[in-house]
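Read through the structure below, which is laid out as structure tokens, and then see the notes.
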Amino acid sequence: MASSRCPAPRGCRCLPGASLAWLGTVLLFLADWVLLRTALPRIFSLLVPTALPLLRVWAVGLSRWAVLWLGACGVLRATVGSKSENAGAQGWLAALEPLAAALGLALPGLALFRELISWGAPGSADSTRLLHWGSHPSAFVVSYAAALPAAALWHKLGSLWVPGGQGGSGNPVRRLLGCLGSETRRLSLFLVLVVLSSLGEMAIPFFTGRLTDWILQDGSADTFTRNLTLMSILTIASAVLEFVGDGIYNNTMGHVHSHLQGEVFGAVLRQETEFFQQNQTGNITSRVTEDTSTLSDSLSENLSLFLWYLVRGLCLLGIMLWGSVSLTMVTLVTLPLLFLLPKKVGKWYQLLEVQVRESLAKSSQVAIEALSAMPTVRSFANEEGEAQKFREKLQEIKTLNQKEAVAYAVNSWTTSISGMLLKVGILYIGGQLVTSGAVSSGNLVTFVLYQMQFTQAVEVLLSIYPRVQKAVGSSEKIFEYLDRTPRCPPSGLLTPLHLEGLVQFQDVSFAYPNRPDVLVLQGLTFTLHPGEVTALVGPNGSGKSTVAALLQNLYQPTGGQLLLDGKPLPQYEHRYLHRQVAAVGQEPQVFGRSLQENIAYGLTQKPTMEEITAAAVKCGAHSFISGLPQGYDTEVGEAGSQLSGGQRQAVALARALIRKPCVLILDDATSALDANSQLQVEQLLYESPERYSRSVLLITQHLSLVEQADHILFLEGGAIREGGTHQQLMEKKGCYWAMVQAPADAPE
């Protein structure tokens, strides 16, 4: 099939994606410089009345945002293809859209902020003058210098909101917020406390500046006392609010952890049987416990810190803008230098550290090889050669250590010098503002303290970001389980008041999901009649236990159908079906609970002690239970570790009989019972009046039980080879006769 894409004209050279991206971005910025910077203020000066300067500024800013956003979308579309691929844009290209927003909203936001802080003094904000300044080349440069780090941070945080790629988990952060559920009110209260506490923390820098002015102006003692008292009150209030907020947050996260872990465990329990065979129990347990705990710990610690410092940073930024726009711009412009340069040098230092460790390992390997092979070294008279080789490795380590020392010094120097340059720049520009009377000395001191706190907040946010990403990664694994749809059919609705227990296998075939090409059962057709015991015998691996698993609806046939009283098994309601069909295996699972709880396991209505005792008596379990010090309240240990194999089988038989099922499956369920208990089970199957109210599928090695069965089926290779009563099959002298005649210890 021919490609639908038209070939490029001969002689036309298509630009590669990277070149096209750079060209489109440069043209977009040129358009912003040549057209938008000068044209938009003139246009809206004509359209918007002079009496509404703030509206004019916002109209210009929003228009600039819209034009730049359309241009950014055009560059993305031309570079990465269709709109559906824009989400996969890599690197700086993906930051074009947030950059357009930052450039468009910076000036209107500043104008609105100045209007708000000058409320009650009309005209003092002077939005018109701000608009004219915004079209000046210096303002253009400052706007880009401030918008670039903001757009980079926006894009970086936006990567947390990228939809998960698997499991249909959707947006992971939104899913995490959705897990908060009913805790929204508490979290809202927590955020309010964070804001109030952050504002209270800013009392110390604010009043420090006030006290500085008081000292320089030789103010009264009352002013000093009043400022110091207010600072103390606000600081104490901030600490109290932080304590209360942390308590509310940790309590909320505890509730979220319990709720989320319960939801994940419930989702796992709803999965089909094949899921538990294809996934190791340890991996599933790790998802349910460790991943949810990791997520909860990260939410409790990292998200809390992230919110604290994010709110604190925003409050500090607002107060810094209120104090001095020019000093704030200097801070924002120099922040990338403050963090990026030490980060790059730090990577070089870390790389050298790795190389030093590798060289140490190689030198150790040389020494170990020489010392462990001394007879060989001596027989070849190569002692000096090995020593020289070791000295060469030491010389490599020495060279790397020297480089590492230089890198460490440069790393420390860049960290300190970048912070020092920022402080010097702030003090230099601030000193000029103080000299000109634009700000007071106290305001400059306040700003410097705020700037130090703001820098610390940004540094903490950048350090916490990878840990928040890790939490998002953990949440995606958890949501894979929450969103996974079980591959078993949904629970049916049939719950008839009475079941006969007629079971029909109609041409049933089956292959396990992990081996779909290997049929375990092939065209199986037989019937279990109410009031009869049908014994299923055959060699190991013939499919007997698979028949029992299908009858429990643990798997679905790959061919044919399985009917209970004429209705397909999946049409019955899940709980109802497993009350009517009970099974006991050779190694039944007993839970680490009391014997009473194990016998009543899974019943929606708690049985009486008389019913529990009666079920235990029927299978011979009551005799050993009554001899225990705590009787039916005895804890059996993890997985029934305090019980013998026969006792576990007896408890499992009682657990099945208390349900009064219409279909009873015994899959080698008496192999570990003692003689008395086996006799009781034999009487239960063939002499009890209750036998006529249920169908029994018996899989066993005990021929004494098989001989009395109403019908015997010999299964081999997944197919029924012969069937009949014991007498009929012995007369045929076929497969069953050969099995009976074989020595007791011979393999089947």
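Glycine residues also receive a Cβ, built from the backbone N, Cα and C atoms like all the rest.
It is 453-487, from the ranges 103-137, 453-487, 593-627, 698-732, that Swiss-Prot records as region 'Part of the peptide-binding site'. Relative to the membrane, I215 and S641 are annotated in Swiss-Prot as lying on opposing sides.
Summarised as a single figure, the pLDDT of the domain 'ABC transporter' (503-742) averages 85.
Fewest Cβ neighbours within 10 Å among the binding-site residues G538, G541: that distinction goes to G541.
On the backbone, the CA of S641 (ATP binding site) and the CA of D32 (site 'Inter-subunit salt bridge with TAPBP') stand 77 Å apart. Comparing the binding-site residues S641, S644, Q647 by how many other C-beta atoms lie within 10 angstroms of each C-beta, the top residue is Q647.
Sequence-distant contacts of the transmembrane segment (299-319) (same chain, six or more residues past either end, CB-CB distance under 8 Å): 113, 176, 190-191, 194-195, 198-199, 201-202, 206, 246, 249-250, 253, 256, 328, 450, 453-454, 457-458, 460-461, 464-465, 467-468, 471. On the backbone, the CA of D32 (site 'Inter-subunit salt bridge with TAPBP') and the CA of G538 (ATP binding site) stand 84 Å apart.
Summarising the environment of K544 (ATP binding site), the number of other Cβ atoms within 10 Å of its Cβ, over all protein chains shown, is 20. Residues 201-202, 204-206, 208-210, 212, 302, 305-306, 309-310, 312-313, 316-317, 319-320, 323-324, 327, 331, 335, 338-339, 419, 422-423, 426-427, 430-431, 433-434 of the same chain lie 6+ residues outside the transmembrane segment (444-464) yet bring a C-beta within less than 8 angstroms of a C-beta in it.
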